[in-house]
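Engineer: Following this message is one structure expressed as structure tokens.
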Amino acid sequence: MAFPAGFVWGAATSAFQVEGSTTADGRGQSIWDTFAAERGRIADGSTGDPAADHYSRWESDLDLIADLGLPAYRFSVAWPRIQPTGSGAVNQRGVDFYRRLVDGLLTRGIHPAITLYHWDLPQPLQDDGGWAVRATADRFADYAAIMFDALRDVDATWLTINEPKTTAYVGYRWGAHAPGISDVDQAAAAVHHQLLAHGRAVSAFRASGAAGGIGIALNLLPVYPVDLEADPAAVRADAVENRLFLDPILLGRYPTDAIGTLAGQLPADPGAFEDLVQDGDLEVISAPLDLVAVQYYGVTGVDDAGNQVELYPTSLAPWQQVHPEGLYDLLMDLLIDYPDAPPLVITENGIPDPTADGTADDTERLEFLRAHLQQAARAIGDGVRLTGYYAWSLLDNFEWAEGLSQRWGLVHVDFETQERTPKDSARWYSTVVAANAVPRS
Ligand code: GBH
């Protein structure tokens with residue numbers, strides 16, 4: 001199944017998950033440093049240091065990407081390296097690291113996709129309220145402007161915020177991610193303030209005149225009702241999981257049914273968002289984008305009481321119900337519900353190794369990727385404007401609350417020696433990329 005000419009193929013990482021060197025060159029502390037240092041937060045007690053030691057090994061990692069023949073690489077910038085306290089003066093050594101990284105990519109002919117925020121908020125901003133307070137959106141826009149200016153000559157794909165849903169629900173409602181808060185009102189505030197931050201950063205991007213394009217990375221979750229009675233609950237779950245983020249960005253309005261209910265991610269009061277939104281916010285949030293980045297891992301079933309139901313077998317990650325056709329359904333739904341949306345790029349898709357130790361035989365990942373790419377090709381054939389795909393992840397890395405106990409890499413990392421070994425999936429993916437086509441079977 002052939003992909004269109006110019007389709008962008010890559011693999012992705014994020015700063016906190018791979019870099020390590022958390023105190024090097026003036027980097028400030030992030031909320032994930034704080035969180036990982038607390039007993040019981042991370043499954044195996046690991047922290048963000050050394051992770052995959054990418055801060056030291058960036059050059060050989062770029063060689064690895066080139067050896068695999070990947071035309072694009074998605075990484076994130078650690079805000080605390082750029083502004084150690086989250087505001088004010090620039091830490092030039094931090095900027096220099098990403099300048100070297102980007103130049104290293106360009107030298108190798110690799111397209112950079114740069115995420116500005118992949119969850120590592122500077123701790124001092126959290127001390128002032130984090131995403132629960134509006135001022136953090138202003139801080140983010142300032143930081144974004146610094147990066148646009150530093151890399152203004154680079155034809156990059158910029159992504160403002162990675163998965164605002166995960167930060168709001170897992171970070172502020174369930175407390176399983178940093179900052180470890182369980183407060184339904186703060187979760188709602190974190191949704192709005194991240195979307196506002198996104199919109200402000202887009203404005204800063206346009207004002208900067210930087211080359212390239214900009215979008216946001218949303219993790220979307222197709223919701224299937226388990227039976228007819230479950231239809232209304234599934235519609236509400238879709239509001240909480242998907243439309244709460246897509247509608248303000250692409251339609252300039254919040255859905256009215258993304259409320260409490262269900263698993264209780266959000267306040268039960270339908271007016272919760274009205275109190276947060278100020279005049280002009282939705283115009284800022286819905287500023288035109290060059291792309292929408294979709295991160296797809298699987299689906300969920302919902303019963304009539306709004307409970308999540310397992311419809312498909314999960315991977316080693318209990319939240320991941322694997323269903324490749326769900327990607328097709330999702331892309332087609334986006335085409336129908338948001339006909340004026342900009343082109344889509346899949347910026348994450350992947351699966352952990354079935355066991356924690358990790359071997360070179362990752363047939364399951366290879367088959368996962370193949371099945372999902374087949375569905376992506378099918379959606380393109382049916383009219384979806386999908387212009388790129390990034391596998392998650394290039395490297396085994398620090399998998400948030402799971403620490404080093406879930407391996408998501410196409411490339412194995414020995415966390416004792418830091419040796420990199422491409423898995424079967426990496427070799428297979430290289431052939432797909434070279435052919436610009438995925439085998440039918
Ligand atoms: C992505 O999130 C992240 O962007 C990436 O950094 C990460 O490494 C990758 O996926 C693999 O997980 O603890 O039961 O509340 C994917 C969406 C949302 C999935 C939060 C895990 C936590 C489930 N993630 N969710 S739970």
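Glycine residues also receive a Cβ, built from the backbone N, Cα and C atoms like all the rest.
These came from TrEMBL, pasted as-is:
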BINDING   Gln17, His118, Asn162, Tyr297, Trp392, Glu399, Trp400  substrate binding site
ACT_SITE  Glu163  active site, proton donor
ACT_SITE  Glu348  active site, nucleophile
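What's the neighbourhood like for each of these?
Structural biologist: Taken residue by residue with DSSP, Tyr297 (substrate binding site) is part of neither helix nor strand, so it is coil.
In the three-state DSSP reading, Glu163 (active site, proton donor) counts as coil.
Secondary structure at Glu348 (active site, nucleophile), as computed by DSSP, is strand.
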Engineer: Could you check what DSSP calls Trp392 (substrate binding site) once collapsed to helix, strand or coil?
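Structural biologist: The three-state answer is strand.
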Engineer: How far apart, in Å, are the two Cα atoms that lie farthest from each other among Gln17, His118, Asn162, Tyr297, Trp392, Glu399, Trp400, the residues recorded as binding substrate?
Structural biologist: 18
Engineer: DSSP three-state call for Gln17 (substrate binding site): helix, strand or coil?
Structural biologist: helix
Engineer: Could you tell me the C-alpha distance between Gln17 (substrate binding site) and Glu348 (active site, nucleophile) in angstrom, no decimals?
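Structural biologist: About 14 Å separate the Cα atoms of these two residues.
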Engineer: Can you give me the Cα-Cα distance between Glu348 (active site, nucleophile) and Trp392 (substrate binding site) in Å, rounded to a whole number?
Structural biologist: 5
Engineer: Can you check which residues sit near Glu163 (active site, proton donor), meaning Cβ under 8 Å from its Cβ, same chain, 6 or more apart in sequence, and list them in order?
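Structural biologist: Listed in sequence order: Ala217, Leu218, Asn219, Gln295.
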